[in-house]
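Some features that TrEMBL has for this protein:
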BINDING   GLY11, ALA12, SER13, SER40, SER91, VAL92, SER93, SER94, ARG126  FMN binding site
BINDING   TYR156, ARG172  dimethylallyl phosphate binding site
DOMAIN    3-168  domain 'Flavoprotein'
Amino acid sequence: MKKRIAVAVTGASGLKLGDYFLRKLAIHSEYFEKIFVIFSENAKYVAQSEGFSLDFDFYKKHFDLLNDRDFASPIASGSYPLDGMVIIPCSVSSLASIATGVGINLIHRAADVCLKERRKLILVPRETPLSPIHLENMHKLSLAGAIIAPFIPSFYNKPESIEDMLDFFSLRILDLLGISLKDERRWKIDE
Ligand SMILES: Cc1cc2nc3c(=O)[nH]c(=O)nc-3n(C[C@H](O)[C@H](O)[C@H](O)COP(=O)(O)O)c2cc1C
């Protein structure tokens, strides 16, 4: 069955990671009934600071783009049948808001809804090193059902570029969403 998902992009370094994942979703749109996308205000600011341009025309063409203040949107309510949510990248600030249930924007609210409805929530934090506060928040979220999936590139697939790393990581996030694409780079796939 086709999935309804939400993808949020927050103001952690590495906006390219979120952008790459969204482009992979657009290529494989046949798996989805609906893809909601939200950028936090800080994501836009960090992209600008890092010299990375976010192509909102592309996002609008392929996704249902939501405002991060729109608490009246479908994904703000548990009664909307969302299958899951990915926050990529996820700042440790958004992670802390979700861990404490403080829904100050639509991203936090939608993540909170996923947890209360026992739906899939995948967080891709980007921070190093991690303080005890970050680790405690991740532990708390993991116990509440979230999947903590930091961007840690694998090497067994022999990546030759940053794009290779982003692509394989995006494939693994899709696996976590329950969408298993055929891919020869998987470990020992032919044995
Ligand atoms: C250039 C730049 C890079 C940043 N990188 C990170 C980062 O890698 N991880 C992180 O958690 N926060 C990072 N921050 C801080 C967040 O943007 C900040 O905590 C913000 O409140 C996050 O808000 P949001 O989660 O609503 O997007 C960065 C900020 C700037 C300006």
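A Cβ is built for glycine as well, from the same backbone N, Cα and C atoms used for every other residue.
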ARG172 (dimethylallyl phosphate binding site) and ARG126 (FMN binding site), distance between Cα atoms, whole Å: 16
Any further residue of that chain within 8 Å (Cβ to the Cβ centroid of GLY11, ALA12, SER13, SER40, SER91, VAL92, SER93, SER94, ARG126) of the recorded FMN site: THR10, ASN42, ALA43, VAL46, PRO89, CYS90, LEU95, PRO125, GLU127
Mean of pLDDT values spanning the domain 'Flavoprotein' (3-168): 97
Packing count at ARG172 (dimethylallyl phosphate binding site) (other Cβ atoms within 10 Å of its Cβ): 15
Rounded distance in angstrom between the Cα atoms of ARG172 (dimethylallyl phosphate binding site) and SER93 (FMN binding site): 24
Pairwise Cα distance maximum in Å, FMN-binding residues per record: GLY11, ALA12, SER13, SER40, SER91, VAL92, SER93, SER94, ARG126: 15
C-alpha spacing of TYR156 (dimethylallyl phosphate binding site) relative to SER91 (FMN binding site), in angstrom: 28
